[in-house]
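As given in TrEMBL:
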type: DOMAIN; residues: 1-325; note: domain 'Aminoacyl-transfer RNA synthetases class-II family profile'
type: BINDING; residues: GLU81, GLY82, THR83, ARG113, GLN127, GLU131, ARG258, TYR262, TYR263; note: L-histidine binding site
Amino acid sequence: MKYKLPRGTQDILPEESRKWQYIEAKAHDLCQRYNYKEIRTPIFEQTDLFARGVGDTTDIVQKEMYTFDDRGGRSLTLRPEGTASTVRSFVENKMHGWADQPTKLYYIGPMFRYERPQSGRMRQFVQFGVEAMGSADPAIDAEVIGLAMDFYSELGLKNLKLIINSLGDKESRRNHKEALINHFKPRINEFCKDCQTRLEKNPLRILDCKVDRNHELMLDAPAILEYLNEDSVTYFEQVKTFLKDMNISYEVDASLVRGLDYYNNTAFEIMIDGDGFGAITTLSGGGRYNGLVEEIGGPATPGIGFALSIERLLMALETQGIELPLEDGLDAYLVTMGDKAKTAAPKLLHQLRHEGLKVDADYLAKKVKGQMKAADRQQAKVVLIIGDEELATNSVMLKSMATGEQELVSITDITDKIKNYKSE
Ligand code: HAM
């Protein structure tokens, strides 16, 4: 075979894409209940949007972006995540001026990161994410977390673990940054090159460095929670209270820093607890980003959101042996006997499909036996048999695949009859 899938990507074949459709429908439905509206942004954006938005000291921007020059010499990047694009659109379309605030948006679409592929880590993956912009009420932090948890639990996932932390407001972060610099500076030459440049620019990033994660200075690095000012502490307490009110259990993990630069105050990840899930146990992540809209050129606007990948969700469902309640099979399969019947088939199929039924027929000139087999494989509820006799009387022989019972049904009644079988 000459051509192969690019590394870290996948074909989603029909058996799998049924699951995707089910999950996506669930996401649309849930977002309607929470009153989030869908936004679709381009798959590529100006490179600078991500450098600014996601942060130029992050692994995503430094190592993982698919960046290219277009024929006009513009640097473009395949989006590595959805928040920066959503915020860009929020600013560009002046959504802050819309009557209903906060602006509550969601998206489902492919994202691209040049990562080392492994189970649960792809180079193209699909995120479902939500962003709420325009409110600094801790209740909306709890709403976003609640939506994420509901999504998983409504699909049947168990053993979910919600980890939360606060990264504090500007002042708290400034104090924490200073403490981190003092902590790492004396021995920074023992750290990787990336960490050395991170030290002055963004020492928080050192804390999620994959290379130096076992260095002893990591163990007693100053935790942000100790540097939160009063406002940040109060905010965090309020979020936690709302979560308790909503019966959502959580664990506070002071070492949760997230891999993107835009976060402040609330940060969270949802993990799957339990064996057999592989190395990657994080299902989704999100948090508050109060400075991002401004950073991207809009008016100061608070925001919060999260994103999850459908690939990891599917892995989790599989590991837990959860079958999605997918609708299987055709409503009817048309079996023709003889040339006349074959000629009459397209019209009948067309009519039944117009009536909203899922029907199919043979296009390979199979014998009746072969057609019946196909009906069985496609899990048709009934077969509709037409031959010369049926044609002459404007009727079809309807056979139930479950019981084998047959009855002659007039063409005018056929749709209702099939619908009866369908609802049985
Ligand atoms: P993130 O933590 O980078 O956050 O990604 C969110 C989720 O996307 C991860 O928890 C994981 O489910 C999935 N994901 C990330 N990378 C991969 C990959 N290589 N393969 C498969 N799945 C992956 C963000 O992207 C933020 N934009 C989330 C957010 C929205 N924060 C606020 N609003």
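Glycine residues also receive a Cβ, built from the backbone N, Cα and C atoms like all the rest.
Feature map: annotations from TrEMBL on the structure.
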residue: GLU81; record: L-histidine binding site; Cβ neighbours (10 Å): 19
residue: THR83; record: L-histidine binding site; Cβ neighbours (10 Å): 25
residue: GLN127; record: L-histidine binding site; Cβ neighbours (10 Å): 21
residue: ARG258; record: L-histidine binding site; Cβ neighbours (10 Å): 19
residue: TYR263; record: L-histidine binding site; Cβ neighbours (10 Å): 28
Sequence-ordered binding-site residues from GLU81, THR83, GLN127, TYR263 with Cβ under 6 Å of an atom of ligand 1: GLU81, THR83, GLN127
DSSP state at THR83 (L-histidine binding site), helix/strand/coil: helix
Farthest-apart CA atoms of GLU81, GLY82, THR83, ARG113, GLN127, GLU131, ARG258, TYR262, TYR263, residues recorded for L-histidine, distance in Å: 20
Averaged pLDDT, computed only over the residues in the domain 'Aminoacyl-transfer RNA synthetases class-II family profile' (1-325): 95
